[in-house]
């Protein structure tokens, strides 16, 4: 199998993102990795961390080759101002967005086969005068994708969400038949096309305690979730199990058979995922016209430049991207 190109964005320059991408130089990789960041920032952070790495300028027209240990290809995006590890600077907010724009455009024009994103700081980007709610929404806008699905995965568990960063009080009204149907279609399609699962089995959480208990604890299951799932089963032959109570859906007897668990809201499924795989889980954006994976943690400003950052989630994100790229090439 020929090598592909994966672009890696370093995220917030004052956080641990630069530390994480520099750590990638410690080993060989089967595909070519292109780090999208300020080259001088990487050189400075490498010196701070005592990492010996050769930073090479990325040339699009050069042959695609597997990544060699001790080197990193860099697509240079200049910072607005110098960076001090651990100290946020709104002046560099636009720099972060430029790295994401470059990565998205490169994937959409076929230059890159996947994006792996380091952690960003939403607050400092907004303080720079840019309305930014996260990578997921940004890439959806860049690719003109009307609806995307957030998946978080770790070994033995894939979860996806019907609603994401929404106040809990607003969740019930956001779960409509139309939205649930769209989310299930995207999840099912990407499990087939990106994960190469021919007939995925999706387990679906109810919204209310005990999945509503026949309407005693809420009518959302009866009025919205159950009829939508039944319609999808009948029309498309999808294997959809549920709605099941969220307090039992994560039992081993279900997880052994589930290709993915669909939760209704953020904190319904993510505590289980992070308990099961903290530091080894990955965020995958479904529905985009390209592969995008990311760490499941923040910028950890207090660890930047210290050598104490845990690269587990970042390496897992890259491993998932490589797996999905390889499956796409088959």
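Positions of Cβ are set from backbone N, Cα and C atoms, glycine also.
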Listed co-binder of divalent metal cation (same site as 210, 266, source Swiss-Prot) among 165, 185, 188, 297:
165
Listed in Swiss-Prot for the substrate site shared with 135, 136, 274, 292, one of 126, 283:
283
Within 10 angstroms of the C-beta of residue 165 (divalent metal cation binding site), what count of other C-beta atoms is obtained when all protein chains are considered?
13
Over all shown protein chains, what is the count of other CB atoms within 10 A of the CB belonging to residue 266 (divalent metal cation binding site)?
18
Provide the number of Cβ atoms within 10 Å of the Cβ of residue 283 (substrate binding site), excluding the reference atom itself.
21
From the Cα of residue 283 (substrate binding site) across to the Cα of residue 210 (divalent metal cation binding site), what is the distance in angstrom?
28
Tertiary neighbours of residue 136 (substrate binding site) (same chain, Cβ under 8 Å, six or more apart)
148, 150, 164, 283, 285
